[in-house]
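Heads up: the structure comes next, in structure tokens.
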Amino acid sequence: MTKTDTLPATTTAPRVRERASISQLFWQGGTIVALIVLIAFFTAMRPDVFLSFGNMRNILEQIAILTIIAVGQTVVMVVGDFDLSVGTNATLSGATAASLMIGGTPIPLAIVAGLCVGLLVGVVNGLLVAFLQLSAFVATLATMTTVGGLAFIATSGTTLYGMPEDFFWIGQGRPMGIPMPIFFAVAAAIILWLVLRFTTLGRRWYAVGGNAEVARLSGVNVRWTRFLAFAVAGLASAIGGIILVSRLGSASSASGNNYMMLAVAAVFLGMTILKSGQANVGGTLVGVGIIGVMSNGLNIIGVNTYIQQVLTGLIIIAAVTLSALKARKS
Amino acid sequence: MRKRMAAFAGMALASALALTGCSGSASGTAEGSEDTFKVAAFTAGYGTPGGKSTLDDFVEKGEALGWDVTLYTSEFDYDKINTDVTSAITQGVDAILAGFPDPRQVSPLVNAAKNANIPIFSIDGGVEPNDDFVVDVTFRQQQLAELTVGALEEAMGGLSGKDVMVIGHDPHIGIMTRSNIAQELLKAGGANIAGGEMKQVLNPGTSQEEALKFVTDYLQANPEGLDGVWVGWDHAALGATQAINEAGRDDIFVTGVDALGIAVNEIKKDGPFYGSVFQDWTSVVDQVVGDMDAYQKSGTLPSENFVEVEGTLIDRSNVDGFTPAL
């Protein structure tokens, strides 16, 4: 009897472990698996097209600007906040640079001015959230609206064009056949990954995001750490916005606004990769990859854009749900 | 406690002063309104080049006539527009100018205006006569579609058997109408609609990038499957043009509508952007201002409530002599 009692226990133990490992794999690898499944699906649908070099380059070019803005958003989400103003900030920064160039300001100076505008928006967000203790949602929602209005003023509601040809190299240049935005995206991702992974500042960001009170008691200046995260997100948005203007050859009053939602979605998707459920650059890149592959693949197989939007929304819901469930589990 | 009481009293005093200031200014305006012709102008499309310049032009011309014009705008948010204009009606206006309204989404303000017996003059308020407006001056969508499809036909050397992508935006009633007319004209001419159906841009503000992706991805999958791209407005047409240029193709042509300055520059390059249609909104504003002026002076309403005007095709043949307004 004892034998019969103990036998099932010994046989079920590996099964439980197996189940645990499958479950763990699902939680931690689900997003990567989703990306692989999407790539496999679109490859099966259009085997001659989807995995071609040209299309891979296409996808990378299409997600390059989103990558830059999303890695900036990652930093803010590492400290446990989020920035709703990244899209309008990108629009305003790009429009400022474009407007100055059209007015005769030299390209480098105009770009620096655009970057300063983005940084300034980030600084304002940082002050509101870190020092005035406003909710990140309320503060960045307010700056999103204000900055969106400023973008209308900067563009006079119209399309700005006529920037110097040399400026277009940033967004349209193709050294070695690779679009320039891809280089910028790779650089931004590597720099922020290095900062988050190997510097004291990166560890402080994670410490504040993990438990701000414990971080404070450990000697971390929580306010400055959060402030810097918003400043970085502002700067990243400005870089993305300026590249977007160069890529399109024009600046309009809302050209970068959509990037906010996509950037948040990408970071949420990426948060499911780490066991801790924290935002991380690697995960964000996977999230950006999913969004890019979805958009490109659905266009290639001819799916209606309305359905594309529904599917993107469903993916965001799935990602947020996964993150929430994972947070509860941990 | 004493400090709190002082703060409370201070806030109360400040609020009272602010309210006094507000009420004083409101009463001043009300007194002025007895003599001044008050106009509430609105548009949900102030974020578009045509919308902004047209409404700014109206405000400038109205104020030059001595009217008190208040402009209400939003970014395609009709809930805000309905609320703003309805409260303006409550406060008292003499006439309303609807700039590029979607007639399907302005019922609350239309009902409020009807109840207050205030006439609504409209610019580009639909594609058919609408009793909600005492006049609606708009461009004939059939003509815009015919001009652009004709230009595309000329560029491609005929329509029969050609693959044409159609890019539209259904939430905008004018673009939706001309896009559907163009699609039917293309089909009737024997062209195939690339991808089987019209591509829908989700957000006009980001339409250049959206159209760039549509055409880039389509060409990636169907390098030999595209001869032309018909686009309902220039901003998106620019994205399509860029995709064709980046693909290194010189045998695919694009048409748009609006004749924006940046589009006109592209047409001048003799590249993929073949033609666009100029809509003279300045003359439309003049006509509506004239109608409103007649109403102010004599109470006369326009004899027709739906006036269609025609656009001008800008292509390689006349682009050098054309000065864009937008």
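Using the three backbone atoms N, Cα and C, a Cβ is placed for every residue, glycine included.
Because TrEMBL annotations are produced automatically, they should be read as predictions rather than curated entries.
These figures come from a predicted structure and were not determined experimentally.
The feature transmembrane segment is assigned by TrEMBL to A:25-42 (among others).
Using a Cβ-Cβ cut-off under 8 Å and counting only residues 6 or more beyond its ends in the same chain, the transmembrane segment (A:63-80) has close neighbours at 86-87, 90, 136, 179, 181-182, 184-185, 188-189, 192-193, 196, 205-206, 208-209, 212, 225-226, 229-230, 232-237, 239-240, 243-244, 247, 256, 259-260, 262-264, 266-267, 270-271, 278-281, 284-285, 287-289, 291-292. As annotated by TrEMBL, transmembrane segment applies to A:63-80 (among others).
Long-range contacts of the transmembrane segment (A:100-124) within its own chain (CB-CB distance under 8 A, at least 6 residues past either end) are made by residues 83, 85, 89-90, 92-94, 143, 147, 160-164, 166-167, 227, 230-239, 241-242. Feature annotation from TrEMBL assigns transmembrane segment to A:100-124 (among others).
Per TrEMBL, the feature transmembrane segment maps to A:136-156 (among others). Tertiary proximity for the transmembrane segment (A:136-156) is limited to same-chain residues at least six positions away from its ends with a CB under 8 Å from its CB atoms, namely 76, 81-85, 87-89, 91-92, 95-96, 99, 121, 124-125, 128-129, 251-254, 257, 260.
Positions annotated as transmembrane segment by TrEMBL: A:176-196 (among others).
Residues or ranges marked as transmembrane segment in TrEMBL: A:227-246 (among others).
If you look at the transmembrane segment (A:258-274), the same-chain residues 6 or more away from its ends with a CB under 8 A from one of its CBs are 27-32, 65-66, 69-70, 72-74, 77, 82, 84-88, 90, 144, 237, 240, 280-288, 290-291, 312, 315-316, 319-320, 322-323, 326. Per TrEMBL, transmembrane segment is recorded for A:258-274 (among others).
Taken from TrEMBL, the feature transmembrane segment applies to A:281-300 (among others). Below 8 angstroms of C-beta separation, residues 31-32, 34-35, 38-39, 41-42, 45-46, 49-50, 55, 58-60, 62-63, 66-67, 70-71, 73-74, 189, 192-193, 196, 262, 265-274, 307-308, 311-312, 315, 319 of the same chain, each at least six residues beyond the ends of the transmembrane segment (A:281-300), sit close to that stretch.
The feature transmembrane segment is assigned by TrEMBL to A:306-325 (among others).
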